[in-house]
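The next block holds one structure in the form of structure tokens; read it before the comments.
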């Protein structure tokens, strides 16, 4: 292939319109083009319209557009800003915003699943607009601020963040990327241009609300720097063609390939430099010149962002200013020197002399001179080395002399004696020699001298203080801190050793992490100081824990990338550093070590078994068992920490079962990576994991009692449980027996074991029988002890009922050779037990009452009333139990019949294909590929006769169970809700479980499945309306008749007449649902006026409902006919 210089112009990747114009070459100064800036290098970038027009006609370009409808690749970067912004907005809006977003996003999901993409897009935007309106009216955003401009700006900020979330959501729709390329590019540019402003401001608002207003400008400054780095560094657009191979001609990116232009970059720079300063002036205008520290705040808020801007310019952040590398270097040197000088001086006044003045042992004015020399000289030396200005001998000598002077001046400031000044001077010299000559012995000499200096400083300032700090003496704490500092200084030198000495670096890093965890755990959790009988709080700020964790994780990642440490060391360090964050959530003395132990036990399947070159797992079976055992043991050792965490969450000590369930759930979640990553093909491991998790959740939800002899109570748990608050508040309460919950847990676990085939009931008939009996007995004993504890006569009947139900369910799903003959009799026994149990329960108790004699005292009357109420409650519970049983049987039979109908055509098709030979196998596969989509057309071919061989009893049993369930639910509706009008609309869909059978409704098929529902709704409302009218008129008392307008017969005749007017609409619609035969379009509409008087004039609410249903039925029938007519015309 010819080089780019010798190729024709049409084939060059990119040629600048002006060869002598400045280029963007500084983008690639550090090792070429970054993949992050070129995320999709598989497209070739065409140069320009001129080069396209000059291309030869024999070799036209393949693409004549720069647009590429690829996915938006910066979702993670945008999510860092907008996801927390959305959380803040939801917190401000509360429940109305959550409800609005939930409904809107559910609608969008449904429309997207129906492949209606534009509808889903607009639904997302409508939900965001509705959520913004709900936020405006439900939150206190406008009333929080006393100033109207501030309230308006706050509302505008919330609306802007909401709008940006909508823009980000729009970029996730593929059809928009394809159909609207110009809009997509504009949306991407809008996001990167506006997100830094909105996110930084909203984050600052949230931080001020949580912490306070004192240092708010500094919070804004830090957030501005973070978002400037994320969004203002030049990024290549996701939707433009990239150059093949990821590199552009000449090592430069065309300006039109970048997301942001010069104007947006300029505004981002102005926001970075001036917005924190202006915010500080506006919020502290009354005290900005009150002291020298306040004046220093003004300089720091401007020059620290300027230094950050100059550092970002090394990543080409100032490309819009100049493309000349030399000019940019001069800008960095000049402005950086001034900014560094101002920042150092301000830090001296604001931080050093303000907070550490007690350690400065030099009197004024020499203290200012020496501190300035130390800080400014150290910063200058660091900048000189970072800019690579120590290449020749003269500059290196100046650098060494500066390091020596800085070391000596710093030693004098902290009070080093004159005869010891040789130590800091020599340490500065050897440190400079290490940086200049890359001499490891020089660095370790610096480490030794620096360690001696640290020891002297600690002994000189803290060794003689008799103070107990962080649960230990100050001397012990100083020893730990000195050891940590010495290790921290030695680790950089150890990291430069040859690879065969890598273990030294690993040991030093692990020891330093352990020391850091121990020191921070002591200082943060033991926050009390004792000094000669005086106690005070010592505050170790939480941001220090976060900062040390972040620095440690960054260091581990960098060393791992450079291959300085091994994979096992990375695993241990990650677990130790992350475990420190738990002390921010739970105040416990052992939470750090417990969480570290848990992470060390849980994380190996994720971190230690990584081998991308092999598909199979590196973990052997015995290793999986070993890891599971280690996880279980670690959770057992950390049970006290789990106890404290549950106590912190609930506000009271957890029960033994809650603690046990939490440990089991945590064990299952910890073993989930082992199963999900390394043993995905082993069904037994998945079954075991599911059973463990379900058992743990059941223990948490039901909290069954645990015998005291089995429970483990440490001193910590005993101290937490021995409290009199519950007794003093609630008094002594008789506990309800909770032991039956173990039976329910056993029944659920047995059921789940059978469903997951952990118990092989599918293959062994005898085991299936014992399994069904065991599940039935467990459920029966639980129900009897929980709901019918004082009705001993019912226990035997309930046990028989539940055993029959369990046998019927199990053998219907897994039939045996004789089960098809016995199951109808089992169901008949179950139906016969229903009236016997219902009547026996009441008759026995009523007989006991009547045998007690006549009328007694008031206590006896109260006992009888209580017994009658108990009988009524028990009968209601029995009705609910049998309704649930019949519902379960009907659902299962419906499922089994549907599965049978799906399998039949496929089996018949396979038989025909095998008989016709292999030539027709392909046509068979094509014919039955879409069988689930055309199930309705294939079902009628299976008549009752074809199903008789596999169980003709199933449809009849299913229909009886459905009718029994519906009838019991109607009885419960009358007894519990007094005949609610709304209940029928919830109960009528039960009749969808009816099946076609030859005994009851032979003409009932799949087309008529909605007929029972509509018929029952109409019949129920008509009959109950007639009953209400008759009940109101039958009583001749003048106080009756309020429900129908009056007590006279005229009102009854009026309401009955209006009820009859609703009949035509219901009759026509029910006929249509049964026959599905089209009538004239005008017939349904003619019945609509008949329903209007029923809606307007009647006094009975059920008649009004019938009228409304009649109008709905007529309109629905007309629309269905109309749609069928239009579809027929389209087909023609």
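In case you wondered, yes, glycine gets a Cβ from its N, Cα and C as well.
Since the structure is predicted, the reported quantities are computational estimates derived from the model, not experimental observations.
As stated in TrEMBL, the feature transmembrane segment covers range 621-637 out of the listed 502-518, 519-535, 621-637. Looking at 42-61, 722-741, 742-761, the stretch flagged in TrEMBL as transmembrane segment turns out to be 742-761. Taking TrEMBL as the reference, the stretch among 688-706, 897-915, 916-934, 1030-1048 described by the feature transmembrane segment is residues 688-706.
Range 119-138 is the one annotated as transmembrane segment, of 19-38, 119-138 (source: TrEMBL). Panel annotation: around the transmembrane segment (592-609), residues 517, 520-521, 567-568, 570-572, 574-576, 578-580, 582-583, 617-619, 627, 630-631, 633-635, 637-638, 640-642, 666, 670, 673-674, 677-678 of the same chain, lying at least six beyond its termini, place a Cβ under 8 Å from a Cβ of the stretch. Nonlocal intrachain contacts for the transmembrane segment (285-312), taken as residues 6+ away from its ends with a CB within less than 8 angstroms of a stretch CB, comprise 217-218, 221, 224-225, 228-229, 232-233, 269, 272-274, 276-277, 318, 331-332, 335-336, 338-340, 342-343, 346-347, 349-350, 354. Sequence-distant contacts of the transmembrane segment (688-706) (same chain, six or more residues past either end, CB-CB distance under 8 Å): 655-658, 660-669, 671-672, 675, 738-739, 741-742, 744-745, 748-749, 752-753, 756, 758.
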